[in-house]
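Everything below concerns the one structure shown next.
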Amino acid sequence: MLGFNEEVFLVLIVIEFILGNLVNSFIGLVNGSHWFKSKKMSLSDFIITSLALFRIFLLWIIFTDGLIIVFSYHIHDSGIIMQLIDVLWTFTNHFSVWLISCLGVFYCLKIASFSHPTFLWLKWRASRVVVGMLWGALFLSCVCTMSLMNEFKIYSVLSGSRGTSNMTEYLRLKTSEYNLMHVLGNLWKLPPLIVSLASYFLLLLSLGKHTQQMKQYSIGSRDQSTEAHKRAIRIIFSFLLLFLFYFLCFLILSFSRFLPGTKIARIIGVVITMSYLVGDSFILILCNNKLKQTFVAMLPCECGHLKPGSKGPFAS
C-alpha cells in the first residue's frame with residue numbers, strides 16, 4: 001500500500017513526464033518538419049533539436065527511476081538496474097548540460113560585439129568553434145561515463161563475492177567509494193556552468209558598451225542590437241537560474257546516499273530534475289521565433305505578450 005508521499009510523488013512525476021515529452025516532442029517535430037521542407041538546418045536549431053531529443057530520453061530514464069523508487073526501492077541500488085540507470089543518466093545528462101552551454105556560446109558569439117582580436121577570431125568562426133565544442137562535449141561525456149563504468153566492474157565483482165566478513169567489509173568500503181564517485185561526479189558539471197557564466201557576462205559587458213555608444217551618438221536605446229542583447233541576457237540568465245536549481249538537485253541526490261533516510265531525498269531530487277527539464281524546454285520555445293510562432297498558433301486564443309509577430313533574439 002502506497003503512502004501519501006508516494007502517491008503525491010507519482011502524480012507529480014506523471015504530470016511532469018507527460019508535459020516534458022509533449023514540449024520536447026513539439027520542439028523536435030517543428031524543427032524536424034522545417035528541416036524536411038527546406039533541406040537545411042541552422043546550427044542553433046540543430047543544438048535545440050538534439051537537446052530536445054536527449055531530454056525525452058532523459059525523462060524516460062528519470063521516470064523509470066522514480067517508479068523503481070516507489071514500487072521496488074529495495075532493488076534501487078543493486079544489480080543491473082542500478083548500472084543501466086546510472087550509466088544512461090550520466091551520459092545523457094552530462095551531454096545535455098553541455099548542449100545548453102554550447103547554445104549560450106553560439107548566441108554570445110553571434111550577438112556580442114568586442115574589438116579584441118581573439119574574440120573577433122572566434123566570432124568569425126562561430127560555427128566551427130561551437131561544432132568543436134560539441135565534439136569535445138561528446139568526448140567528455142564519454143570519459144565521465146567510462147569512469148563510472150569502471151567503478152561498476154569493481155562493484156559488481158565484489159557484490160557477487162559476498163561471504164566472508166573480510167569480503168563484506170571490503171564491499172562496504174567499495175560501496176562508500178562508489179557513492180563518493182557520485183558526489184565527485186558533480187564536478188563534471190562545473191566546466192559547462194563556467195562556460196555559460198562567461199557567455200552571460202560577455203553579453204552583459206557588450207550590452208554596457210553598446211548602450212554607451214548609443215548615448216554618445218544620441219541614438220535611442222531601443223535599437224535592434226540593444227533589444228537582442230537584452231533578450232539574450234534574460235534567456236541565458238533564465239538558463240543559469242534553472243541550471244543552478246538543477247545542480248542543487250544533483251547535490252541532493254548524490255549526498256542522499258550518505259543519509260539514513262534516502263528515499264524522501266531521492267523523491268525530492270527526481271521531482272526537481274523533471275521540473276527543470278520541463279521548464280527549460282518552455283524557455284527554449286519562447287526564445288526561438290519559429291517555435292514560438294508555431295506554439296502560439298496552436299493556442300485557442302493568443303496572449304498579448306506572445307504575439308506571433310514579436311521576434312525572439314535568436315529567430316531562425
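For all residues, glycine too, the Cβ spot is worked out from N, Cα and C.
Note that TrEMBL annotation is computational and uncurated.
Features of the protein shown, as given by TrEMBL:
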- 20-284: domain 'G-protein coupled receptors family 1 profile' (DOMAIN)
- 12-31: transmembrane segment (TRANSMEM)
- 52-75: transmembrane segment (TRANSMEM)
- 87-109: transmembrane segment (TRANSMEM)
- 129-149: transmembrane segment (TRANSMEM)
- 190-208: transmembrane segment (TRANSMEM)
- 232-255: transmembrane segment (TRANSMEM)
- 267-287: transmembrane segment (TRANSMEM)
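Outside the transmembrane segment (12-31), and at least 6 residues removed from its termini, the chain residues within Cβ reach (under 8 Å) are 41, 45, 48-49, 52-53, 55-56, 59, 62-63, 66, 270-271, 274-275, 277-278, 281-282, 284-285, 290-291, 294-295. Note on the domain 'G-protein coupled receptors family 1 profile' (20-284): mean pLDDT across this stretch is 77.
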